Amino acid sequence: MEGNLNALTTIFTEFYYWVTIVMMFLIHVGFCMYEVGVSRRRNHLKTLMKNAMAIPLVTITFYFFGWWIYFGFPNGPGITGGLVTAPFAEPWNPLMGTHLSGVNPGETGVTPTDAALWHRLNGVFWGAFLLFSITTASIISGSIIERVRSGAFWIVAVLVGSVLWILDASWGWHPQGWMVKLWGYHDAYASGVVHAIAGGAALAFLIVLGPRIGKFRADGTARDIPPHNVWLVTIGLFLIFTGFWGFYAACNIPLISPATIAGQITGETWTATNIYLAPTTLSAITFNFLMSLSGGMLAGYIVSKGDPFWTFSMGLCGVISTSAGNDLYHPIQALLIGAIVPTICYKLHYFVERRFKIDDAVGAVAVHGYGGFLGVVVAGFMLWGQPSSPYEGFAHINPLGNFAGAVLMFVLGFAPTFVVCKILNSMNLLRVPAKVELEGVDFALNHAFEASVREVGAAEKAMIK
Amino acid sequence: MSTNGMESWALDLKDVGAIYPFQGSEVVMVIIGLVFWIGWHVLQTRHESAEIEADMAADRTGEETRKAIDRH
């Protein structure tokens with residue numbers, strides 16, 4: 001019976017994560033629609049492909065090294081210990097493929113214990129984390145449209161999606177991460193580890209890249225460059241909201257016994273937990289997800305005077321700004337934080353645009369970067385003194401730990417991206433020339449399309465009798 | 001003979017590990033995969049540079065560009 005219960009738990013967990021992966025794919029459908037909707041007609045195809053090709057590139061690199069980084073680096077290394085061995089996450093390990101839990105004769109690198117645990121869970125855990133990775137990379141994509149070289153973005157997408165974010169996840173979003181142990185860092189649904197780091201990277205990219213031609217008037221004030229299709233933008237954001245249900249569910253472990261956690265929880269009550277293995281429920285995050293989304297949309301509607309783009313974006317920002325603590329907040333707290341933080345982010349977006357001439361085409365730095373940063377900071381105050389982990393000896397959640405963590409996340413996204421963009425810029429690989437930007441980055445594709453239409457049209461007309 | 005060493009399912013699954021073909025060649029497969037990835041970036045960069053060069057030589061009068069701008 002115990003064996004069957006364990007098998008059922010494993011297979012349930014496997015199916016649970018598989019469903020979250022499917023749901024999270026909607027985030028990327030949404031991102032593509034959103035970006036294409038914002039871009040002008042002469043840039044549609046490259047905008048679409050720039051975002052879409054981040055999916056295969058981050059996928060293969062997350063297979064090659066991203067997954068291993070998560071398990072290898074929770075101690076820093078060098079802060080709370082050394083590099084952790086994680087053979088099941090190495091790309092050449094048999095558990096990184098189709099596996100049935102035993103150990104074949106001559107199969108190297110697989111222990112019976114690893115095989116029993118990982119044969120069904122490795123692929124779905126990897127897939128769920130991968131979808132977080134692609135999301136983190138995609139966040140940058142929208143802000144740099146219409147003048148960036150796609151190849152430059154794809155290099156940064158691999159850097160952020162398969163290295164930087166998963167490194168910070170290993171530090172601050174892992175049951176044994178050093179930030180959790182020493183700082184009491186709490187960021188259950190990734191305000192910092194996904195959104196702040198992506199926002200920091202996007203800001204660095206934008207600083208080096210520069211604004212689109214025509215964005216700023218001669219006197220330095222900003223022009224509005226309206227989305228070519230607001231309807232497509234809002235449907236895209238709706239799909240991102242939908243996919244975020246999968247994102248939230250994937251941040252939980254659905255079913256686990258206190259004995260398996262092996263922490264300080266007593267009794268025999270099985271529970272869902274957050275990524276730190278601290279108890280929570282899907283109900284808690286359902287309350288708080290919806291209330292924070294509502295707070296953001298309600299505030300967004302007022303602040304932006306009913307602008308669809310910002311109303312929807314601030315709804316997303318509402319969720320992001322409460323994600324750090326949405327396992328523990330009261331729904332009305334989530335509502336209020338989800339209204340106040342996005343309002344600050346909206347104001348910050350226009351302040352930074354005006355003051356520093358940053359042309360963020362989709363407001364990604366504000367929605368994800370500032371929203372994620374402030375969300376982590378707020379959680380440090382709101383959850384002050386609560387346990388960060390079920391294990392003994394971990395620091396409790398506190399404002400300083402979360403503030404330092406938020407800074408670390410933002411800077412970890414910003415600094416390496418800035419350096420890589422500078423290098424790409426020095427090689428003329430970052431931005432298209434001004435003439436091509438004016439023609440539209442789809443110029444060659446549109447020409448080929450129109451030539452084909454003319455040719456086939458002429459051939460068909462010649463057949464008319 | 002089979003590519004994964006299995007010729008029948010008449011066995012206890014707890015004794016079966018990996019079932020993909022050509023087990024033992026994982027390191028080689030990873031190396032091939034890494035070369036594929038890096039090679040893709042190299043080819044893509046070349047294609048993109050060539051396309052930009054062609055775009056720079058096109059529409060000398062600016063007429064098509066003006067039309068494209070008007071379409072927003």
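From the backbone N, Cα and C atoms, a Cβ is placed for every residue, glycine too.
Note: TrEMBL annotation is automatic and uncurated.
According to TrEMBL, the features are:
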TRANSMEM  A:15-36  transmembrane segment
DOMAIN    A:18-444  domain 'Ammonium transporter AmtB-like'
TRANSMEM  A:48-70  transmembrane segment
TRANSMEM  A:124-145  transmembrane segment
TRANSMEM  A:152-173  transmembrane segment
TRANSMEM  A:188-209  transmembrane segment
TRANSMEM  A:230-256  transmembrane segment
TRANSMEM  A:276-302  transmembrane segment
TRANSMEM  A:361-383  transmembrane segment
TRANSMEM  A:403-425  transmembrane segment
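The transmembrane segment (A:152-173) makes no contact with the transmembrane segment (A:276-302), as judged by fewer than three Cβ pairs under 8 Å among residues 6 or more apart in sequence. A Cβ distance under 8 Å defines the sequence-distant neighbours of the transmembrane segment (A:188-209), meaning residues of its chain 6+ beyond its ends; these are 132, 135-137, 139-140, 143-144, 147-148, 156, 160, 164-165, 168-169, 172-173, 247-248, 251, 274-276, 280, 285, 320-328, 356, 358-360, 364-373, 375-376, 379, 405-406, 409-418, 421-422, 425, 430-431.
Just going by CB pairs under 8 A, the stretch in A:48-70, A:124-145, A:230-256, A:361-383, A:403-425 that sits most against the transmembrane segment (A:15-36) is A:230-256. Beyond the ends of the transmembrane segment (A:124-145), by six or more residues, the same chain brings 13-14, 17-18, 20-21, 24-25, 27-28, 31, 34-35, 38-39, 43, 47, 50-51, 54-55, 58-59, 62-63, 66-67, 70, 89, 96, 153, 156-158, 160-162, 165-166, 169, 190, 194-195, 197-199, 201-202, 205-206, 209, 246-247, 250, 360-365, 368, 417 to within a C-beta distance below 8 angstroms of the stretch. Tertiary proximity for the transmembrane segment (A:48-70) is limited to same-chain residues at least six positions away from its ends with a CB under 8 Å from its CB atoms, namely 28, 31-32, 35-36, 86, 89-91, 96, 126, 129-130, 133-134, 137-138, 141-142, 145, 148, 150, 153-154, 157-158, 161-163, 166-167, 169-170, 174.
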